[in-house]
Amino acid sequence: MEDCLFCKIIRGEIPSTKLFEDAHAYAFLDINPFGKGHTLVVPKFHAEQLFFLPPEELAGVMPAVQRVACLLRRKLGCDGLALMQLNGACAGQTVGHVHFHLIPRYAGQPAGWAPLEGEAAREAKDFEALRKQILG
């Protein structure tokens, strides 16, 4: 879709910190992270919500979700990982393109999704350093 934010990122019209790409998916660091390494995995096929994504496209993107999750765990040393997929404004979806949030979680981290502050926020938004840590 021409005006879709994520379609523009996939096409390279808007910059992103890419971590992974294959024929079905594009993964990049979220610019408003809930934690260090918060990554979005986006199907290349445009569908506004999961309900409208053809099953074969979902089947194509899920290996990328797993691959990126394993990469984040291995490179960032997280103790867990939250996987979120939101559909509709009432569920918290803010971009009209199916996407999966992969949010590394660490022992001792407060439960929930409080905004990051201070050093944690600075570290989570140092995208180039994170890219090097994850891909290096």
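Keep in mind that glycine also has a Cβ here, set from the backbone N, Cα and C atoms.
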Listed range which TrEMBL flags as motif 'Histidine triad motif', given the options 12-16, 92-96, 97-101, 122-126:
97-101
Taking a Cβ cut-off under 8 Å, which residues six or more beyond the ends of the motif 'Histidine triad motif' (97-101) line up next to it in the same chain?
1, 4-7, 30, 34, 38-43, 46-50, 52-53, 61, 65, 82-86
Chain-internal residues, separated by at least six, CB under 8 A from His99 (active site, tele-AMP-histidine intermediate):
Phe6, Leu40, Val41, Val42, Pro43, Gln85
